[in-house]
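Remarks on the structure that follows.
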Amino acid sequence: MKFFLATLFASAVSSIAVDRLIPGAQIIPESDTRALLRVGGHHDKYHDRRTITIRPSRNDTDDVSRDFLWGIKHANHGGRLLLKKGEKYVIGRKLDLTFLDDIEVQLDGELKFTDDVSYWQENNFYYDFQKSITFWRWGGKDIKIFGTGLLNGNGQRWYNEFAGQEILDPDNEYYRPILFLTENATRISVEGITQLNSPCWTNFFIQSKDVSFDDVYIHAFSTNKSALPKNSDGFDSLNVDGLTVTNTRVDVGDDCFSPKPNTTNIFVQNLLCNNTHGVSMGSIGQYPGVMDIIEHAYIENVTLLNGQNGARLKAWAGQDVGYGRINNITYKNIRIENTDAPVVLDQCYFDIEAAECAQYPSQVNVTNILFENISGTSSGKNGKVVADLVCSPNAVCSDIQLKNINLTSPAGSPPEIICEGVQGDIGVECQASAD
């Protein structure tokens, strides 16, 4: 009798599990190593988990966002969603993934968003900070995304239609989605994947803790020379404690790495930035009456090629802006080549006339900054100037040190370092701005 009841119960459980499946999906138990091997879900590096697969898209308009959400829910609490190598998964509907707890997503295929501009501009997650929107948002705790696959923002149409516009124009209403966004996430890691052609920022982390990226390639390019990617930053953050980026390449045409207000405990190592606006702290101090901070950052072994800026600190000035501090930042072992402004403190951000900046200077203090072992060449665009550190008269700039700086300019020698308004000895000879 007991055997009969046990068999009946097992049969019922099996039936329930099968009934829960959607067409094309599969649930593989953690113990079924052979089945995991067949689908590419067994790894030496990671422990086996209950693994979920879903059907791929048949073409670029076959939206599997409902299947994807089903897979995420069934992989939650200790499982893994596997997106298979050689397959494409098209997402055409916004997704709220802020309920996650102990989940892995193995991205070996391509996860691609539709370029239905009218849909996405009406259906998205909106954030007041710089009028940001996103296709989806990830949140919860203990979230791992890894693999060799592609997260594709399908940005070309967005680039074409945004050409000639500016994200920070108060009249701008052409909002473009961020490719990957976390909100209220704790311990989220991304490893090994490629992120391609985000319509706007590539990554934005909000109100999150312990975010890490390792061995990721971020690329944004356009097939239309008159409509290049804009604002396709590699990394942005807001109210984040613990942000780590290692062994990563970024080629996007805008900021390579640019934590924004209230980001603390930052670690960057072995980062390659090509065709970017540099590794920036900020911008901060944008919003009236609001205090922003960026604090405790260690940036080392970074290569910056063919860019607008190298190592940059940036803060807003103007009539209606905020205040704050950039504190305890180290840039060490930085190689810079063919870059307009290799080292720069910009306290007249954003796109502000010199007269207005002088009338309404930045109120962001810049303290305890170390630039050490900085080498390479500027592009010569700014003449012989290779470092420009001009502090706002309404801010405190102190304990700023330059050590072992070996930067040259094709415009001639000796290279020039500008410093103005900085308290104390900065460690190298410098001169006042000619402006």
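Please read every residue number as a count from 1 along the shown chain.
Cβ atoms here come from the backbone N, Cα and C positions, even for glycine.
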Swiss-Prot annotation, disulfide partner among Cys200, Cys256 for Cys273: Cys256
Second cysteine of the disulfide that Swiss-Prot assigns to Cys391, among Cys397, Cys419: Cys397
Spatial neighbours of the repeat 'PbH1 1' (208-239) far in sequence, C-beta under 8 Å, 6+ residues away: 129, 139, 155-156, 159-160, 162-163, 165, 167, 176, 182-202, 245-263, 273, 276
Using Cα positions only, nearest of the glycosylation sites to Asp254 (active site, proton donor) (Asn224, Asn262, Asn301, Asn365): Asn224
Euclidean distance between Cα atoms of Asn406 (N-linked glycosylation site) and Asn301 (N-linked glycosylation site), Å: 15
Average pLDDT across the repeat 'PbH1 1' (208-239), rounded to a whole number: 99
Cβ neighbours within the same chain of Asn59 (N-linked glycosylation site) - under 8 Å, at least six residues apart: Val90
